[in-house]
Amino acid sequence: MPKIEEASLDEHRSRTLSRILTATERILRTSGRRGLTMAAVSRGAGMARNSLYRYAADTDQLCDMVLEAHLPVWSTSLTQALSQAHTPQEIILAWTRTNLIQAGHHGHSWLMNLYADSNDTQFRDSFLYGQPIAPDQKKIGSTDRTTGAMVDFHRQVNQPLIDAWESLRPGDARTGVEVTRGIVQSGMRLIDALAMEGGEPSRDKVSRIVEDITKSTQAVVETLSAEQTRPHQRDRGKDNLS
C-alpha cells in the first residue's frame, strides 16, 4: 500500500482526486476527447494505473467527473443572463455573449464540444436539439450514467437556444441552432488562441471578440428571421392580387 502523507484518508483521497481531475482536464484541453486514456491520466496525475481505477472505471466516467466540477458555474452564469432576456432574439444574443464570456473566464470552450464529435447521430441530436434517446439506443460507446450526464448538461446549455430558434422558425430551428453554435465555437477558438499565446488573455482582446461574435450572431438572427417571414409576405401578395 502506498504511503499516505496527508493527515487523514479523506484528505488523501481528496488531494488524489484533485490531481486526477487536473490531469484529465489538461488532456481534454490540449488533445481533446480522443487523446484521453487511462494511461495518460495516470501519468499526468503521477500515480499507478491500477490506483486510478479506484476513482474512475473508465475515461467516460472521468469526463463525467470533470463536467460535474464545472457545470454549476456555467449553469448559474447562463441562468442569470437569460433571466434578463425576454424575446427570442434577446435570448439568442444573451446565450452567445454568456458562453463567450465563460470561455474567457474559465476556458470552457472544450467543454462545449466534449462529445460534439460523436458519430452517433441520435446521441448528437439528443443534446443539440433536445430530442429523446430511444430506449434501445441508450448505450452509445459510453456508460448509461455518462450518457445521462452529457445529455443533461448539453440540454441545459442548449435548450434555451433551441427554444428561442423554435419560436423564430417553428419547425425549422435546426439551421439557426447549428449556425449560432458554429459562430460561438469559432469565437471560443479565438479566445483559446489568445490563451495559447502565453499568460492571461487581456480583457480588451477578449471583449472585442465577444462583441464581434455577438454582432455576427445578431446578423444571423436578423437574416434567418427575415427569411421566415418572406413566404408569408408572398402569400399575402398573392391574396391581394386575386
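Glycine residues also receive a Cβ, built from the backbone N, Cα and C atoms like all the rest.
Here the DNA-binding region (37-56) has, by DSSP, the following mix of helix, strand and coil residues: 12 helix, 0 strand, 8 coil. Feature annotation from TrEMBL assigns DNA-binding region to 37-56.
The compositional bias 'Basic and acidic residues' annotation in TrEMBL covers 229-242.
Across the residues of the domain 'HTH tetR-type' (14-74), the predicted structure has a mean pLDDT of 91. Summarising the annotation, TrEMBL assigns domain 'HTH tetR-type' to 14-74.
Residues or ranges marked as region 'Disordered' by TrEMBL: 222-242.
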Self-check item: Distant-in-sequence neighbours of the DNA-binding region (37-56), which means Cβ under 8 A and at least six residues beyond its ends
Solution: 2, 16-17, 19-20, 22-24, 26-27, 62, 65
